[in-house]
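Visitor: Dumping what Swiss-Prot says about this protein:
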| type | residues | note |
| --- | --- | --- |
| REGION | 20-261 | region 'N-terminal acylcarrier protein transacylase domain (SAT)' |
| ACT_SITE | 561 | active site, for beta-ketoacyl synthase activity |
| ACT_SITE | 696 | active site, for beta-ketoacyl synthase activity |
| ACT_SITE | 740 | active site, for beta-ketoacyl synthase activity |
| REGION | 922-1227 | region 'Malonyl-CoA:ACP transacylase (MAT) domain' |
| REGION | 1307-1439 | region 'N-terminal hotdog fold' |
| DOMAIN | 1307-1609 | domain 'PKS/mFAS DH' |
| REGION | 1334-1588 | region 'Product template (PT) domain' |
| ACT_SITE | 1339 | active site, proton acceptor |
| REGION | 1461-1609 | region 'C-terminal hotdog fold' |
| ACT_SITE | 1522 | active site, proton donor |
| REGION | 1619-1690 | region 'Disordered' |
| COMPBIAS | 1635-1647 | compositional bias 'Basic residues' |
| MOD_RES | 1726 | O-(pantetheine 4'-phosphoryl)serine |
């Protein structure tokens, strides 16, 4: 025997603190069990846990309740001390001994599998106490996996053994709780003679006359000590009264639960209670020595073995000396060269045993192996997780929209680092705090606090990008929109690209949302098509899945304040369960509902004084906050495989409930502490290793104190295992900075924690406004708990990773906690050798492209250390690509920035790529430019290219041709390369190049091959197999070598046509080998003839070039090989082509209908290569056109030149390789061109060879083309709840039409009705009426008077005031807001003013909602052409809101004045200003109220003074409005910053027009506005009106559309005037579209004039009167009363109506409905399809399916139906 092994199992868990040492041991086993290298350990622990749970279920209720819940058997280590006080303590310790010993044994041998080579002949097992059970498991199992299979039975034995011992011992001595409470059952006595001790015990028992069951007994001696067992009272008497033992050194073993090894109390009946029947497959395999007899146990089965062991453990005295003696004798007899004592843990027995062996066997080498230490030293993380549930979760991307302008993670960090508190009064776009807040709490349904923390501009959204129509966008909850946006940004941050790595079918979304404010309040004011899908919570994550085409689950989670952290946990759980491979998760909260404020305020949740004062003595509740955030999660191993940036790693997550709290909303510190311990166990970490806890910390007294208590008790306990002084616990909460985001609170905390890891700084806690809350634990400093009032550095430890916990409490009682570990740095393991990189930028719109370019250039220039390779990799392989594109080739980031910068200016004029598939032709080169080392760099670096080359070379060698690899690698001299090898190398490299391009996503639409290149072309087209192509090329070349004499014939390239050559060449014989272009011909013949011909042609002025080739290909010289070539290749099989082949042999295109066989290729060897003729035929046939892109497969671009010169309109012809140029540089140039041409490229495959050298960088996110989609909450109906406020005047029910009511703008009231809180007015005015002459003629456009939009505004003011005066009590005063005004078709005054030119006005008021819908109808055209909504509001609240902007506006006015003084801005007089304005509008003196104008590009101010006389009877004179507001139009039409020579700008709409005080005659005002670009050639601005230094009026979001000046005559021409020619603008053609200002909506029916009944009264005595009645089926929505958009001229009526209908329903400009416009891109979905299909059926009589619009692709498809 060369080596003997003795395995020793002791009888206990390692000594020491059970909550320290033991936890560390079991924690290590837990972590190892999660790794793929330890499957048997994982199986073993699962089996032991399962068996333990089964045994637990068998217990009686009283005992079941003693055992705490556990997920793994290892969790019970946390409860050892407590369990010792119960009847289960001993049983649990026995099971933990088993789990520790066998777990360590298995882990060690899984790490060192070769060491598990135990044989019965050289291995002995010895053990003591419960260690015998562990030894039995090993003895019964010849292989390691079998230990796991028997472990369930061994676990049951261990547990039952403990139960029996406890049961028996309690029957001997009463012990109500801890079995050892009265004293120890075992004493260890040192330094006594065993025999004398035995005799002393015997005498003592006899003297005391104990019953046998109460006697003491010696059950073990090991030479150094004696163990005595017995009831505690007996042993206490023994050691206090017995003279022999009083003087001994003895130790009571109080940790040992009970006694055994005594036949006085145990018998076979106890053995039978313990031992289950075990499957007979387990037989004794290794010798196991009895600690009683000292001999190997003999057993016929596992059951037999365990019964023997248990009988000895219960009833027999241990004789360890016998065991040692017999084992030693066995070893001596075997005489091994060495012995190894394998012990689970160090012990005195191991040392004594080794010492004895060394004395008895001095010539033998003796070693020991401490498995426990070896296991503790095993590295973690060296292998992948064994399964999904064992994985760590990587956070790979994040994005946010948080309060205080924190629109991305970096801005969020700046806010935290600066210690900012961003709470503010509730913005007016949410609701009016003047009416909805009552600090006294007396007004019903109001909030007591006006504060919150709010996201900037929550309505901003890029609807077109996300395929949503403007209508759908407006009706969709902004928090769901922002969830979609942040999901995109987080995915972009993570480098996710569809089709790369994670499959879309394996991605899910999980979002927390706990309110529906927008649906309940904002969109609920006017329920539309998208009320449900736009507002219900399930659609939030569902819309994300739908947009990105994710197939995984989408969950909306509501657990109140912990919703988003619970959603993150749900996402992690889905990853752990294997349901998904990637999750996008987060939370959302946008506040608009005053009811929630009122409810929380009345429920005493909210602070009445402002922000969250967490841990402050004055904490008085929380401050509400907006917030939307998204993170991207993957299993760690997947993230590493995908080369992602890992921001942090989730180790464990869990949720429990504060079910025992005093109320449902009250936290419970015990439940919270239980949760923290649970996640720590799952994570396999020591809670004291956690360095930072991001707490819930809302600033409520109950919540803060309970959470602090639970956190400190677990992570910084005051007793027992406490924190080291150099390891403080920092705590913080984001809520002190930006409030409580409620459903978004968890994602705010989570993102903050990611940033804390990233920055290595814990930002200051700013919640302490006065002093620390005295309710917090007094010993925080002693516990080493730090609340950082200033920023604290969180030092990275080299030997362990930093750990943090994020904690959330939900108001409904849920607690969610997540343990996060910092990400380990990942070194680069290779090098990117490419000299130049392709930098790509793209967008869906020109504006976004420009902004993307600006942001990127700024980003690059600010980071000199940036790697250009990382930049290229991020922007190409890890970003999505769109149709507006820019790409540059750069060798450095500085060069990249300089090349990108010029594109910023040109990007707005860029034409997008259509998205249609561009035809790509692969052209395969001949042999004329051969060189050594073709594709050398690709072969070296690209696995894909190398794979194909190696496969092809393998085929070459198997056909008995020489390898061509030396030609590729460059390891050969040119003269040593045969024709055969050269030809094979050329063709095989071309095939490999084609396959490489295909891996890049570039696949050929057609192929053409030149000469030798035809073989590669046919292989790529599927005609020839690779093997057949190699065989044909090799055979042909071999025949050429053997049958054709080299260098007797040659080839001559001539820059002339064949006809010119024939004419100039005289009688010199030659053959035309190749026709490469119109004036490019290759000739063949004898060398002498070629030399003569060269001289002759040169003399004639033609350029010639002799080709360095050994033969004259495609001439009669080839005749010598044709017959033999036919014979040798007749078995070659040719298939039908899969793509068109442009054939130079036949000079035509060949398709799958053409037959190609070997004769084709043999003929091609001999016959002329008519490359130019083939190209010409392809062009004539339409296969090739201007858009075709040519990609040359070959070692040098020769065909590219032929193609460009033959087809002069060729778009581009690009090379794959180029002589004397690095392969990667050539590829990069070509890819750059392809990308710019709109070709989809698989950049991941391009970068794959170097990916381990590349890193994803945090480049700027996509720049959105945002527009504000926001439905404003109007009025105060949330307060009234059906109770009208103010009360309606009860006397006003039905009002007869007043004959006396007439103003300058409203000439006649047709009808006026007031019923049930509603009012309906119909009125009429005539544009030709003398009362309007001044304001209409004084506002002339194109030379004609126009009823301006401001005149229509005056009408709205007048009718609204009429309704108010008649409906409300006289004491009530309102401000009138003319809002959502849209003016779709101008009203131009007729030339013949003798005829009336009426317009009808309808006003419908909802007096409870305090709003009036006003519409204008043009009877002459039978269209509703204008509409607005008037709101009655409190002007004092306007003034209050505007006052916050006063400083900003006045500062801009002051700046403009200063610029005028210095000449930087233009100051214009009245005459000059209106003269410039005259380019578009001819203003009469009545209108010329601007006294001076200061103009600076897009910004202006005007000093305005009104005349003393209003010139009529007005509510708000239209020329007064014009004098203030037309400054916005002057910037565009009168200045020089905008092109108003070729264009003009007119306003179709504004969002709101409000004047808080009357515009007084003679009054002096200041107007200020800045106009900024919006969508689709439009501009928008807010006009501020100041009286003195106070803002008294605002026109918000006034919109101007840009139109070509040639349209002016079309827009502004009276109906009774024929069209006059418009002035032509050079380079401009007149559009064929009938103009309309803005996309708008349809009137299903024209209005009807219905006679009034006599009893309704009439204003005119000569008329029965009329009212404008609502048409049948008319919706009260004002959109339905508008005119259809106008389609292009020249269409049939149905087509015009259909396109107008589509534009109306999608709320898009009809100009966007071009033939190739994609329906889906315009925002169409299934709901909109139903609506439009129904309308086409009803209004046009078309028979179409509901799904019609989902089945068509473009507008052209719709037109095809209508033709």
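Glycine too: its Cβ is placed from the backbone N, Cα and C atoms.
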Visitor: Per DSSP, how many helix, strand and coil residues does the region 'C-terminal hotdog fold' (1461-1609) have?
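Guide: Tallied per class, the region 'C-terminal hotdog fold' (1461-1609) gives 30 helix, 68 strand, 51 coil.
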Visitor: When the number of other CB atoms within 10 A of each residue's CB is tallied over all shown chains, which of the active-site residues 696, 1339 has the maximum?
Guide: 696
Visitor: In DSSP terms, helix, strand or coil for residue 696 (active site, for beta-ketoacyl synthase activity)?
Guide: coil
Visitor: C-alpha of residue 696 (active site, for beta-ketoacyl synthase activity) to C-alpha of residue 740 (active site, for beta-ketoacyl synthase activity): distance in Å?
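Guide: Spelling it out, the Cα of residue 696 (active site, for beta-ketoacyl synthase activity) and the Cα of residue 740 (active site, for beta-ketoacyl synthase activity) are 9 Å apart.
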Visitor: Considering only the active-site residues 561, 740, 1339, which residue has the minimal Cα-Cα separation from residue 1522 (active site, proton donor)?
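Guide: When the Cα distances are compared, 1339 comes out closest.
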Visitor: At a 10 Å cut-off from the C-beta of residue 561 (active site, for beta-ketoacyl synthase activity), count the other C-beta atoms across all protein chains.
Guide: 30
Visitor: Around the C-beta of residue 740 (active site, for beta-ketoacyl synthase activity), how many further C-beta atoms are within 10 angstroms, looking at every protein chain?
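Guide: Counting Cβ neighbours of residue 740 (active site, for beta-ketoacyl synthase activity) within 10 Å gives 32.
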Visitor: With DSSP as the reference, give the number of residues of the region 'N-terminal hotdog fold' (1307-1439) in helix, strand and coil.
Guide: 32 helix, 64 strand, 37 coil
Visitor: Within 10 Å of the Cβ of the residue listed as 'active site, proton donor', how many other Cβ atoms can be counted across all chains shown?
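Guide: The Cβ of the residue listed as 'active site, proton donor' has 27 Cβ neighbours within 10 Å.
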Visitor: Rounded to a whole number, how many Å is the Cα of residue 740 (active site, for beta-ketoacyl synthase activity) away from the Cα of residue 561 (active site, for beta-ketoacyl synthase activity)?
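Guide: Counting only the Cα atoms, the answer is 8 Å.
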Visitor: Do me a favour and check the Cα-Cα span between residue 561 (active site, for beta-ketoacyl synthase activity) and the residue listed as 'active site, proton acceptor'; whole Å is fine.
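Guide: With the alpha carbons as reference points, the distance is 58 Å.
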Visitor: Where does the mean pLDDT land for the region 'N-terminal hotdog fold' (1307-1439)?
Guide: 90
Visitor: Based on DSSP, name the secondary structure state of residue 740 (active site, for beta-ketoacyl synthase activity): helix, strand or coil.
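Guide: Where residue 740 (active site, for beta-ketoacyl synthase activity) sits, the three-state DSSP reduction gives strand.
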